[in-house]
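Undergrad: According to TrEMBL, the protein has these features:
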type     : residues : note
DOMAIN   : 95-206   : domain 'Na+/H+ antiporter NhaC-like C-terminal'
DOMAIN   : 250-427  : domain 'Na+/H+ antiporter NhaC-like C-terminal'
TRANSMEM : 7-25     : transmembrane segment
TRANSMEM : 31-49    : transmembrane segment
TRANSMEM : 70-86    : transmembrane segment
TRANSMEM : 106-131  : transmembrane segment
TRANSMEM : 192-211  : transmembrane segment
TRANSMEM : 226-246  : transmembrane segment
TRANSMEM : 253-272  : transmembrane segment
TRANSMEM : 292-309  : transmembrane segment
TRANSMEM : 378-403  : transmembrane segment
TRANSMEM : 409-430  : transmembrane segment
Amino acid sequence: MNKSFSLLEVVLIFTVTVSFLMMAISFDGPLYLAMIPGIVLLCGFGIKHGYTMNQFVHSSWKGVKRNKDVAWLLFFIGVLLPTWYFSGTIHDLNELFLSFISPSYFFTFAFLIVAMMSMVVGSSIASLSIVGVPLMAAADQIGLPVPVVAGALVSGGFVGDRSSPISSSFQLLRMSVEIDTKSHFRSIAPTLAWGVILSILIFLAMDFVIAKEQLTLNEVTPFSQLNYGSIGVSLLPPFTLLLMILFGQEMKFSFSLGIGTAIVILFVRGVAPMEWLEGLYFGVDALSGVRDMLPFVLFILVVGAYCQIMEDTKIIQPYIEKIFTDNRSLQKNTAQSIAVAAGASLISPNQSFPIILTGRTLMPYWEKNFSKAHLSRILADSTVVFAGLVPWSLLAILCSTIVGVPVLSYAPFAVFLLLMPVITFIYSGIVSKKNASGLKHVLQQ
């Protein structure tokens, strides 16, 4: 029996899957339930091509098990952010970062401040909610063009969303391509550095070109007047967490220690246990709690099952082989992978689905011909950041809502997001030339 899926069947499966996801987002429905019609259709076509329900159950369980560590981390994030809020960590970080703001270089500092916050909290949405809102108010006070400010803020938010080890998209991507945290961070660090440097230069140029109506800010505590002792204590939880990650400790242990340190601090500072527990479950301010994370956890597990069925039935592999015909050029394959990532992002209403889909679909080819580390870098610089530029992406909609600027208005100024695919393409070309030069040198010897 022919086990290859026709192009029409593939298109139908994706159309049904994406359509129900779009409807779920439009009507605020559960995303994990919206995946069921796509899974049913996928299994239905699979049975037609000779696959069995036992195979689908096995594949589903395999996908769920692979994503279970990400699910646990999402649960930990739901505990961590409210706990850091009640311990004073979020408040003191906010005051610390805002104290550096300079009206003369507002765009540059806005980008850097949100970038630093996003690296600490691991979320573009959380960082925009914490420091983005007061920065937008300050920009309005100075009389700056809000689309440019919003672009700088969203750019900063995606620095951590892409690169922070405690970011859900960071962990989801590295698990999808099956590499460890340190390897993934090493692979994305070079393009991160270039992306941040070039973004700073571009925002600096904007600061020089765009005039400010006034150069004073109200309601921002100067750095010299901050309570350094309080801030030092508040920095202990994120410092502990990041230190454990850098020393290669297991993620659950690292998160537990970061949370435990904050719990001790919040109790010492007089926070009532019931107040903390209530915030822990329901969330506090714009920070998600455990209740907010549970539907997302289920969605990640269901998408894991869906993508594993697609992987085991090789539904997309024949078409991948038609696209990726040159297994020697790293730069050409980078461009093709970016194009696939763009296509997946355009048809997806959220960030997680295309991360898992592109990671699992492209990983076998990249593992065979280049390396999984290269793929993790390319997808971090494409799939992850594209979610902030697609107007119907849930993440872009949330960013737009927080900064109060439409996606299409801030997108031209979201410099970091626009630069990363270009930088990773150029970087692949540089790596290719270095490898070719090294091989030539070896052959000459």
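Counting starts with 1 at the first residue shown.
Glycine residues also receive a Cβ, built from the backbone N, Cα and C atoms like all the rest.
From a predicted model like this one, the values you see are computed outputs, not experimental measurements.
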Undergrad: Under an 8 Å Cβ to Cβ limit, what residues of the same chain, 6 or more beyond the ends of the transmembrane segment (70-86), are close to it?
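TA: Distal contacts: 121-123, 126, 166, 168, 171-172, 175, 237-238, 241, 251-252, 255-256, 258-259, 262-263, 266, 271, 275-276, 279-280, 283-285, 287-294, 296-297, 300-301.
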Undergrad: Do any residues, 6 or more residues outside the transmembrane segment (31-49), come within under 8 Å Cβ-to-Cβ of it, and if so which ones?
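TA: For the transmembrane segment (31-49), the far contacts come to 1-5, 9, 12-14, 16-17, 20-21, 23-25, 55-56, 295-296, 298-299, 301-303, 305-306, 309-310, 313, 315, 350.
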Undergrad: Restricting to the same chain and to residues at least six past its boundaries, which positions have a Cβ under 8 Å from a Cβ of the transmembrane segment (106-131)?
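TA: Distant contacts of the transmembrane segment (106-131): 77, 81, 84, 90, 93-94, 97-98, 100, 138-139, 142, 144, 148-149, 152-161, 163-168, 170, 196, 199-200, 203-204, 206-207, 210, 212, 238, 285-288, 388, 395, 398-399, 402-403, 415-416.
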Undergrad: What is the number of residues in the domain 'Na+/H+ antiporter NhaC-like C-terminal' (95-206) that are helix, strand and coil, as DSSP sees it?
TA: 95 helix, 0 strand, 17 coil
